[in-house]
Amino acid sequence: MLTIQFLCPLPNGLHARPAWELKEQCSQWQSEITFINHRQNAKADAKSSLALIGTGTLFNDSCSLNISGSDEEQARRVLEEYIQVRFIDSDSVQPTLAELTAHPLPRSLSRLNPDLLYGNVLASGVGVGTLTLLQSDSLDSYRVIPASAQDSTLLEHSLATLAEQLNQQLRERDGESKTILSAHLSLIQDDEFAGNIRHLMAEQHQGLGAAIISNMEQICAKLSASASDYLRERVSDIRDISEQLLHITWPELKPRNNLVLEKPTILVAEDLTPSQFLSLDLKNLAGMILEKTGRTSHTLILARASAIPVLSGLPLDAIARYAGQPAVLDAQCGVLAINPNDAVSGYYQVAQTLADKRQKQQAQAAAQLAYSRDKKRIDIAANIGTALEAPGAFANGAEGVGLFRTEMLYMDRDSAPDEQEQFEAYQQVLLAAGDKPIIFRTMDIGGDKSIPYLNIPQEENPFLGYRAVRIYPEFAGLFRTQLRAILRAASFGNAQLMIPMVHSLDQILWVKGELQKAIVELKRDGLRHAETITLGIMVEVPSVCYIIDHFCDEVDFFSIGSNDMTQYLYAVDRNNPRVSPLYNPITPSFLRMLQQIVTAAHQRGKWVGICGELGGESRYLPLLLGLGLDELSMSSPRIPAVKSQLRQLDSEACRELARQACECRSAQEIEALLTAFTPEEDVRPLLALENIFVDQSFSNKEQAIQFLCGNLGVNGRTEHPFELEEDVWQREEIVTTGVGFGVAIPHTKSQWIRHSSISIARLVKPVDWQSEMGEVELVIMLTLGANEGMNHVKVFSQLARKLVNKNFRQSLFAAQDAQSILTLLETELTF
């Protein structure tokens, strides 16, 4: 017997998704494989995902796999690599509690005296609809169905039908839906799930209905006893597939409580299973209130992915009496507004207007090319492993794909993908990209990414071993097939080719020879293909740094693989806990190496990118910009924030920062430099067209202040519009800011304003400003930084003096548009 010992690396513990993947990895071997959680003293068949889930394994638990059988040597080698390298990728990090904290109730809402119920935010957003109560299903009618001689046949038929339905949904879905459906499919195909139902029928003489329910209750009891919130919340998945199985078996007995949404609806339920959520018409699902759903339930993951706001912590009996009434679910402030009056409805209409503006602006910003504040261009690309990830990456603002990991096509299967399968996968991502560049990294397999069907012997140091370009000559046919597939796909878009683990010029010369052979073959075969293709290499072996000049004669670009390069430069295995603290790319030696690569390549007209984890680290963006990199490729969710940060950076200041960092003596000195580095603020004028509005319709004073503060948030002049609004209201409560002549000047000095601003709204109809000076039809709001000194008094005084002038006031009221108001103020005022 052979053993693999490890600490569980999964942040959420061993739940359905990673359990299914581990089961799949173990099921390909003849050997018996037992999973042991030493903390729990729990053992499980590693070829059963349900058994694995039942071990209650949490993050950092001490675990082992015991392997015994004819292929135990090979199984241990492959499984050890999987546990060390890829097991953690089967889990996903959920939003933290801090990310889901509700905003304090804005004064512009609380002053309207809404009828509110307070809950906990599970998925952010705002939804308006009719409160609709969904009663939980009772399973009692299934439990009392008598046993029948046909029960075994019925069970097999129902399991097959449910599997067929799930497979059909898998073909129609993508993203989180597909992932969760895959987990459900794996559960019903698990031997333990069906086996225990059969056992309950045979040994305890239960009818099929009772056996399905008993099996569900037994599994749920194990999960409910877990110390992990995440594992406890998998109860909903077990209940979901069990209830689906019951309904398929006896559809005539009682239909599941599926709801048809014919109008905008706020759904109220004790809980909702993933399949129930997927059956809803999301166009009419305005929001959900779920009494028992936790922060990591699969239903909640689906809701977040679909931008459906969700609250919890509201007892059903407190809401039931409001069923059928209109409501607003505000999962930004964590409240449910019951039967809102006109003023409250008006508040949320303004909130929706601001949200629409923000969404439109974010979409436009993501679509813009990435530039620094002084217009230094840098490409921002995405790292992906499948064509399905491409649309999401482009939606996040990716200007291309800097790393397409083609090895994903070769993993977790019994044989290599053929040319046609690869061609279709590569073509799919190129068609999705349009004219955006896609860099296909040729298969980085072998070594640390063991592929059973290649039969490469086990190595002591797989990261330094027989992998990537090093195996291509032995598997020349496999490599040529991939080249042919990429060249064929390249005729449909902007494809580029990148070779991993290159360390010598001979390797790239051999690759270029194989590339020419593939082109000749495709011509001979009469297949559509690209005649030429841009060729680059991954710079991850330090030896390449010293002969960049020679490589510039043979390739078109370089992409630095910072993950492996860091390991090789320091001789550090980042998966070894004893030396992993030494793994740090932000050191003088690493930065000098990057500087050397970029300088040598640029001198010869070649571009340099980086595609490791470092490329998406916002803290180090000033250094990467300063070093002169042409491209940063990263996980696509990081792209919007990186683009936004880049626009605030001056490339010359960053270049000086990088120069100083390369002169440092230690990583600690570099970190201190970064901490002290303060990018110059993008100076914005006090008056700007984006903050001036004419012919605005507000019902009250609250809406005016809400809109003007919210608009500053949309325009990036504040990152805290709610807090800024509170400062405005605090000043307003000292003395109302109506100044007469139909004008109000709300104002504040605030730490929450990033760029001091004057905002103006000229109203269609005057509103009550709750001032002795009468109604207001022109609002001029001053929001000045807390460090402005007495400048706010100067600005306020100038405005007040001008407003006394009748001609000036008349000009403001008569101005045809926002530009005319801006021109008038710029002419008349001096700041």
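Just so it is clear, glycine is given a Cβ too, placed from its N, Cα and C backbone atoms.
Annotated active site, pros-phosphohistidine intermediate per Swiss-Prot: His15, in sequence order. The region 'PTS EI' annotation in Swiss-Prot covers 119-650 and is backed by similarity to another entry. Under the heading phosphoenolpyruvate binding site, Swiss-Prot lists Arg405, Arg441, Asn563, Asp564, Arg574. Marked as Mg(2+) binding site by Swiss-Prot: Glu540, Asp564. What Swiss-Prot lists as active site, proton donor is Cys611. What Swiss-Prot lists as domain 'PTS EIIA type-2' is 685-828.
Feature map: Swiss-Prot annotations on the structure.
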residue : record                                          : Cβ within 10 Å
His15   : active site, pros-phosphohistidine intermediate : 27
Arg405  : phosphoenolpyruvate binding site                : 19
Arg441  : phosphoenolpyruvate binding site                : 25
Glu540  : Mg(2+) binding site                             : 25
Asn563  : phosphoenolpyruvate binding site                : 16
Asp564  : phosphoenolpyruvate binding site                : 22
Cys611  : active site, proton donor                       : 29
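Mean model confidence of the domain 'PTS EIIA type-2' (685-828) amounts to 91 (pLDDT, 0 to 100 scale). Closest in space to Arg441 (phosphoenolpyruvate binding site), of the recorded positions given as His15, Glu540, Cys611, is Cys611, taking the CA atom of each residue. Sorting the domain 'PTS EIIA type-2' (685-828) by DSSP state (H, G, I as helix; E, B as strand; all else coil) yields 65 helix, 35 strand, 44 coil. Within 10 Å of the Cα of Asp564 (phosphoenolpyruvate binding site), the following recorded positions from the list His15, Glu540, Cys611 place their own Cα: Glu540. Of the recorded residues, Asn563 (phosphoenolpyruvate binding site) and Glu540 (Mg(2+) binding site) place their C-alpha atoms 8 Å from one another.
Of the candidate recorded positions, His15, Glu540, Cys611, the one lying closest to Arg405 (phosphoenolpyruvate binding site) when CA atoms are compared is Cys611.
Under the DSSP three-state reduction, Asn563 (phosphoenolpyruvate binding site) is assigned to helix.
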